[in-house]
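Annotated features, as they stand in TrEMBL:
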type	residues	note
ACT_SITE	A:K136	active site, nucleophile
ACT_SITE	A:E207	active site, proton acceptor
ACT_SITE	A:H211	active site, proton donor and proton acceptor
BINDING	A:G10, A:T11, A:G12, A:G13, A:I14, A:G203, A:T204	NAD(+) binding site
MOD_RES	A:K136	allysine
Number of protein chains: 2
Amino acid sequence: MDEINFAVLGTGGIGRRALDYSTQKDHLTPVAACDRHGVAVDHDGLDVDELLAATEGNIANDGGTQTVKQSGSMKGVAASAQADPTETPIDDIIDVSDAIDAVLIALPNLEHDFVPNVGERFAEAGYEGVLVDVLKRSRVIDILDAREETYEDSGITFVCGAGATPGFLTGAAALAAQSFVEIEEVEIWWGVGLKSGYEDNRGTVREDIAHLDGYDIETARNLTDEEIEEIVEEHDGRIEFNDMEHADDVLLERAGICDAEDVTVGGILDVRSDEKPTTTTVSVTGRTFDGERGTNTFQLDDVTSMEANVNGPALGYMKAGVRRNRAGEYGVFGPADLMPGF
Amino acid sequence: MDEINFAVLGTGGIGRRALDYSTQKDHLTPVAACDRHGVAVDHDGLDVDELLAATEGNIANDGGTQTVKQSGSMKGVAASAQADPTETPIDDIIDVSDAIDAVLIALPNLEHDFVPNVGERFAEAGYEGVLVDVLKRSRVIDILDAREETYEDSGITFVCGAGATPGFLTGAAALAAQSFVEIEEVEIWWGVGLKSGYEDNRGTVREDIAHLDGYDIETARNLTDEEIEEIVEEHDGRIEFNDMEHADDVLLERAGICDAEDVTVGGILDVRSDEKPTTTTVSVTGRTFDGERGTNTFQLDDVTSMEANVNGPALGYMKAGVRRNRAGEYGVFGPADLMPGF
């Protein structure tokens, strides 16, 4: 595997963990990162420790004090010695994208076309490389697919839905399907214990709440932090989700594995414990060529955190995407189309 | 996925099941098959039912009579109305290989360099396409790697070790590794119940016996059928294997996932029951980026047969190989380098 220089758009929980995680992986060099107010670029490799220390949400973590979320023009990335304040962080990254092999888009996607639009801005600038997102909603994949030609013309390999679910577990379902000639059902069931990671992952919790009965993406976006706390309180910190709109369904359908309607996604989020409330399991039920009906399963150890299971696959799929891109394969790829590199 | 015309070299258990299996998969058309004495080619697609009925080992199965293994110039493939007798079956396939996208090499590999040599013959003829094998031994991968340039120069994408183990379970291990930044141990443990499939899979049983203490590939090859029966009898039909030389180890190492020595393969073969004597399980133990140590697992339902778990992945990896080949990626690929298509 050749060396990969990558950028991270967004330094919330996922973006920061991706930077951190990459320091423990071979062949990956983070060369750029931005948030709303700042951009840091170093083609020899960012000093991740310094950047993370300067990034919002990562301060005042000692002594058990609750993390303080900061904002403003000199907070977040801009507070790093490696960074400059900016009003146009994404354009600044696009300006140097000739030297960037892959970009992890770790921005909240509260508008359905936000991530596709970011991709389009890279395409308009003639970017030739990999874009990776960890988005969750099925309908975003449709938007990406509708714009596939734009990415192809530019030379972009867009790897979508490459986090834990969809992503890791979609890939597992695609693999588990190999025993069968016809898939009847794919059940994805996740458990997340998010006590110590709660502050870092408020965006994810907000997105999850949009899946609850009575909420949608619009109403969830408009909730105040206090209202979110109330919802969490009502559930005693432990919220169960059923029939979520997670893109595993369309990603498995576009790979020809099963119909989207045969895929169900659900899980339990516990924000008051770091123990997982339930074991993350993928169950794939199908018919074998010789007429048996069976269920293959893939289980993650309860000790593996959400952060490990989002960021490992995101970077693994990024490596796989770079390989496709270097072979001249452009367009939109789901996890089921790619074996993650390690 | 574009259409794929493929050939099968060898019509023992794996070759015949691959032909059968392919009739239940989309986008796959078997256009050629051969055994020692015969070759059948039809670029519009073979009549698989007719060919299988004519192939040795597939006769006299009614009424509980033991299958009679036939041989001679008009037996096996040559007995098919679609086939011709030949002394040079592989050369005959090579002669028409311009119209063949992929070749499944389902020949017994009792000489370590036999499959690599078959690949070399295709390369010498300038074949541009995919070769897939389901070989098991670690050292064969080294031979393939040593000759990678030959395959690359020809335009061959050689997907090796693409059966159940290595193959399916290697891919599962590569995927399960994504939670971790460092892999401590990969344990592959298989169960096979082979009562009704025993006659069709004598070659596989013979190869397995070579893994037992006191035997090697040389001595196993020279065993008579009666001597094999005696060994089976000594174990009451249920043979346990430990520390097998299965190429999962080198295939995971070459994909950068772990050291070969951290991979162990074992299992139980029961030739007197179709029930699996133990559940096939892949366990991957590693360290997460945030310092936890855990084990992810992948389990196959006991009802899925060895045939389903060899041939599904072999054809899935074939599809993935064709995709790589059409993108101009040549050389030697292991399962961990490829996500199987479905």
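Each residue, glycine too, has its Cβ placed from N, Cα and C.
TrEMBL does not curate its annotations; it predicts them automatically.
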*Would you identify the secondary structure of A:G10 (NAD(+) binding site) according to DSSP, in three states?*
coil
*Across all chains shown, how many C-beta atoms besides its own are within 10 angstroms of the C-beta of A:H211 (active site, proton donor and proton acceptor)?*
22
*Which state, by DSSP, holds A:E207 (active site, proton acceptor): helix, strand or coil?*
helix
*Write out which of the listed recorded positions, namely A:G10, A:T11, A:G203, A:H211, lie with a C-beta under 8 A from a C-beta of chain B, sequence order kept, or 'none'.*
none
_What whole-number Å value do you get for the CA-CA distance of the residue listed as 'active site, nucleophile' and A:T204 (NAD(+) binding site)?_
10
*Which residues in the same chain, at least 6 apart in sequence, have a Cβ under 8 Å from the Cβ of A:G203 (NAD(+) binding site)?*
A:G12, A:G13, A:P108
*DSSP three-state call for A:K136 (active site, nucleophile): helix, strand or coil?*
coil
_Rounded Cα-Cα span from A:E207 (active site, proton acceptor) to A:I14 (NAD(+) binding site), Å_ = 13
*Give me the Cα-Cα distance between A:H211 (active site, proton donor and proton acceptor) and A:T204 (NAD(+) binding site), rounded to a whole Å.*
11
*Relative to the mean position of the Cβ atoms of A:G10, A:T11, A:G12, A:G13, A:I14, A:G203, A:T204, the recorded NAD(+) site, which additional same-chain residues have Cβ within 8 Å?*
A:G15, A:R16, A:A106, A:L107, A:P108, A:D200, A:N201
_Lowest local Cβ density among A:T11, A:T204, which the record lists as binding-site residues, within 10 Å_ = A:T204
